[in-house]
Amino acid sequence: MAFKQLVAAISLALSLTTANAAVVKEKRATCSNGATVGDASCCAWFDVLDDIQQNLFQGGQCGAEAHESIRLVFHDAIAISPAMEAQGKFGGGGADGSIMIFDDIEPNFHPNIGLDEIINLQKPFVQKHGVTPGAFIAFAGAVALSNCPGAPQMNFFTGRAPATQPAPDGLVPEPFHTVDQIIARVNDAGEFDELELVWMLSAHSVAAVNDVDPTVQGLPFDSTPGIFDSQFFVETQFRGILFPGSGGNQGEVESGMAGEIRIQTDHTLARDSRTACEWQSFVNNQSKLVSDFQFIFLALTQLGQDPNAMTDCSDVIPISKPIPGNLPFSFFPPGKSMKDVEQACAETPFPSLVTLPGPATSVARIPPPPGA
């Protein structure tokens, strides 16, 4: 379903909320653990939740397994092309789990390199609990985000039929793509515009890279990869000064901090006139970051699906912890200041931020998942 159609469907559902309140109340059910959900079928997901929190996310951590689970949501969902369908070709099924079902094909596509590890970790849970791969990928991504302090309350809907064929190659953006290419790709996938593209990249706040630089694994995009905050949008605007590893890799540019990686697409989107002001708008604005990402994550997880035929099981997703009280929403890391910022937004000045005390240090790598 095209993104604008999705927005219309969501708006219609919201407009009917009051009128259908009595019906919704009757449908609500109490699960065996005492939790109340919007539909009795959602209760089974609490068992999945307990299992993956303990045995996939290492007791509910915002670590490598969580980061890769979030990445998997995007790579599964964005593989849909109405433009290809209009040409009589199969354009992929969007958020249908095809990347896991056809794990001998899609993980071998260049932008998906490295996702085989999280797919192999997730598949036993899919088989154990008898859920569809598409639903599990969306669920694991939402739970993963809930483990990251500062993240929004994530939505989760069930009702995805398993994919019947793999998505075609070439539908997942690459780190070396131009801004024009990426905007065109997300517009084709769901009629997303350049602002909504920036919202998607909020996920890089809790992310790391394993396969851009083959010499170094677990390189984060910002200095707080375990917290869903706007540091990613601050630090990608720092002047590039070094490579954290070998350098000269396709899709990588110099980063502004030791131990931190910067991919070409993030660098150019932070500086392009079409996206720079939206990029900067997240700096020191946690409420906007949270609300925009909550919206775009739901839209991504429903690409290729009919929202009206799905069941809202968002009650199962935990509420994330707040950002630690000893940190501001946005800040300059030790040793950094306004003089390090390459501001690209011509409309508004860069927000005034405090510089944390102490000496400049290298950003720590993210340990890989066990067995990876």
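Heads up, the Cβ atoms here are built off N, Cα and C, so glycines get one too.
For the Ca(2+) 1 site, Swiss-Prot gives Gly94, Asp96, Ser98; the one candidate out of Asp76, Asp116 that the record lists there too is Asp76. From the candidate list Ser205, Ser246, the residue Swiss-Prot records in the Ca(2+) 2 site shared with Asp222, Thr224, Ile227, Asp229 is Ser205.
Residue pair Ser98 (Ca(2+) 1 binding site) / Thr224 (Ca(2+) 2 binding site) shows a Cα separation of 31 Å. Ser205 (Ca(2+) 2 binding site) counts 26 other C-beta atoms within 10 Å of its own C-beta, drawing on all protein chains shown. Neighbour counts of Cβ atoms within 10 Å were compared across the recorded positions Ser98, Thr224, Asn285; the minimum falls on Asn285. Cβ neighbour count for Asp96 (Ca(2+) 1 binding site): 28 (other Cβ atoms within 10 Å of its Cβ, all protein chains included).
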